[in-house]
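Worksheet: the structure to be examined is printed underneath.
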Amino acid sequence: MMLTSAILLLTLGVQLSHADDSSRENFSNRCDQLAKEIHIPNVTVNFVEYVANGTNVTLADNPPSCGQSNQVVLADLCRVAMEVTTSNQSQITLEAWFPENYTGRFLSTGNGGLAGCIQYVDMAYASSMGFATVGANGGHNGTSGESFYHNPDIVEDLSWRSVHTGVVVGKELTKKFYHEGFHKSYYLGCSTGGRQGFKAVQEFVHDFDGVVAGCPAFNFVNLNSWSGHFYPITGNSSADTFLTTAQWTLVQQSVMEQCDSLDGAVDGVIEAIDQCHPVFEQLICRPGQNASECLTGKQVNTAQLVLSPIYGTKGEFLYPRMQPGVENVDMYITYNGDPFAYSTDWYKYVVFSDPNWDPATLNAQDYEIALAQNPSNIQTFEGDLSAFRDAGAKVLTYHGTADPIITGETSKVYYRHVAETMNAAPEELDEFYRYFRIGGMSHCGGGTGATAIGNVLSAQWSNDPDANVLMAMVRWVEEGVAPEYIRGASLGSGPGAKVEYTRRHCKYPTRNVYVGPGNWTDENAWKCIL
């Protein structure tokens, strides 16, 4: 009997293997056939290829500044690479990844920085989850803004046209490749990708049923002014207003001493970011004190100024403060005595069309000149989202309280802008727009604390909708169950990192407070309060 059972199991295994091989061959043949069926205006197909799960794809055409030469594919899929003409002087590079384990869902990824790079990691992540996935390069190659010089069409691609065109083409290809087409459409992006998601929310309300937009770069023109204004404040490394990394470390330590406990727990995470308003006069050098262990009065002023909003020439508010507590990161990014590259490129190649423009001269009058231009409405700061709401679509946005690139304060400012414009209280906005503050999260991920929320591949520790923002959006759209919180995890380092602890991140306008009685690593010891 045992021998008979073993033979049956072996036979079944061989049959299943043959079935898998046959299914894979059929899928590969469908991929080959697709190459002959693509006839879309303005679309030039570079190649169509079947890629097996686990293949490490070489990205030979990816610009070096994008920092990615290869990507491991996480599903058997059909890869389509294209160029799409968007005007007589612009085009986008577009890819579509169609997985064999298709769930009937379409998804577009976004970009980062000044765009110019397809987010292949996000494409691998989404396609592994069964989404037909598209990604574009924002209308130019690489991270520099030099392509914008005297070419407003490329700026328009960056503003909205790259993502929207990718969606239009991608949906048509999805319907062509899969007989059933798609039943729901989603978006997943962060930073510039977050802004691109909100551009769809504000202007292309039928592109997506659900948008996940992280750390959004909306209020884009003022964001570039704000990012650029740190250099005139700190000066270069020889200026008497400049702080060394040792001195910024002192400032950051002082912030944590003053603010970490405001949420009830000393855990290296400032949850009570709205209540954090540090002072630094106590750091001024005393007679005989080592200069690396203290600050001059001018340096204290620098530390206060970088934590202040920016205003126009008439005192009008333009962009909020950098949230305190990120000095130990920003001392390498925007407080390092060098101009911030993205802001410099925006002003050189778009605002002033002058490659010789000096970023040290940036001032409030320049902010106003830039804002008045707002090419292709790249600001992405419309407050009336009623058309998106009425279309039945949903948007979930998240932002870290320790973001050193795009201050988390800007998502709070935008939420209030929408509430005031639409005359809508939080419970009304909750029907279609939910914002979560992620304690300790850096820019789009990482940082200190339970920051892994499934927004990117490296932060995927669970596919439970309570612990994965993408699947939370799927559940909201398809089952009508809206997320009340997002569970994040603190992950150990290295391959196969395990969960150290979890925390439920609160829906704005509530905030996380430690109430005990357990350890601060116990998610049940925290409560969301107003």
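Even glycines carry a Cβ here, placed using N, Cα and C.
Per Swiss-Prot, signal peptide is recorded for 1-25. Annotated disulfide bond per Swiss-Prot: Cys31-Cys78, Cys66-Cys117, Cys190-Cys444, Cys259-Cys276, Cys285-Cys294, Cys506-Cys528, in sequence order. What Swiss-Prot records for Ser191 is active site, acyl-ester intermediate. For Asp260, Asp263, Ala265, Asp267, Val269, the entry in Swiss-Prot reads Ca(2+) binding site, with the evidence type similarity to another entry. Under the heading active site, charge relay system, Swiss-Prot lists Asp403, His443.
Less than 8 angstroms from the CB of Cys285 (disulfide bond) sit Ala291, Cys294, Leu295, Thr296, each of them six or more residues away in the same chain. Note on proximity: of the recorded positions Cys66, Cys190, Val269, Asp403, the one nearest Cys528 (disulfide bond) is Val269, by Cα distance. Here the candidates are the recorded positions Cys66, Cys259, Asp260, Val269. The one whose C-alpha lies nearest to that of the residue listed as 'active site, acyl-ester intermediate' is Cys66. Shown are the disulfide-bonded residues Cys117, Cys276; of these, the residue with the fewest other Cβ atoms within 10 Å is Cys276. A helical conformation is recorded for Cys66 (disulfide bond) in the three-state DSSP classification. The residues near the Ca(2+) site, meaning same-chain residues not in Asp260, Asp263, Ala265, Asp267, Val269 whose C-beta sits within 8 angstroms of the mean position of the site's C-beta atoms, are Ser261, Gly264, Val266, Gly268, Ile270, Glu271, Gly439, Tyr514, Trp520, in sequence order. Taken residue by residue with DSSP, Cys528 (disulfide bond) is part of a strand.
In three-state terms derived from DSSP, Cys190 (disulfide bond) belongs to an extended strand segment. Other Cβ atoms within 10 Å of the Cβ of Asp267 (Ca(2+) binding site), summed over all protein chains shown, number 22. Figure note: comparing Cβ neighbours within 10 Å for the recorded positions Cys66, Cys259, Val269, Cys444, Cys506, the maximum is reached by Val269. Taking the Cα atom of each, Cys66 (disulfide bond) and Cys190 (disulfide bond) are about 16 angstrom apart. Counting every protein chain shown, 21 other Cβ atoms lie within 10 Å of the Cβ of the residue listed as 'active site, acyl-ester intermediate'.
Long-range C-beta contacts of Asp403 (active site, charge relay system), restricted to its own chain and to partners at least six residues apart, with a cutoff below 8 Å, comprise Cys215, Gln323, Val326, Met441, Ser442, His443. The CA atom of Cys444 (disulfide bond) is located 16 Å away from the CA atom of Val269 (Ca(2+) binding site). In sequence order, Val48, Glu49, Tyr50, Cys78, Phe98 constitute the residues six or more apart from Cys31 (disulfide bond) in its chain with CB-CB distances below 8 Å.
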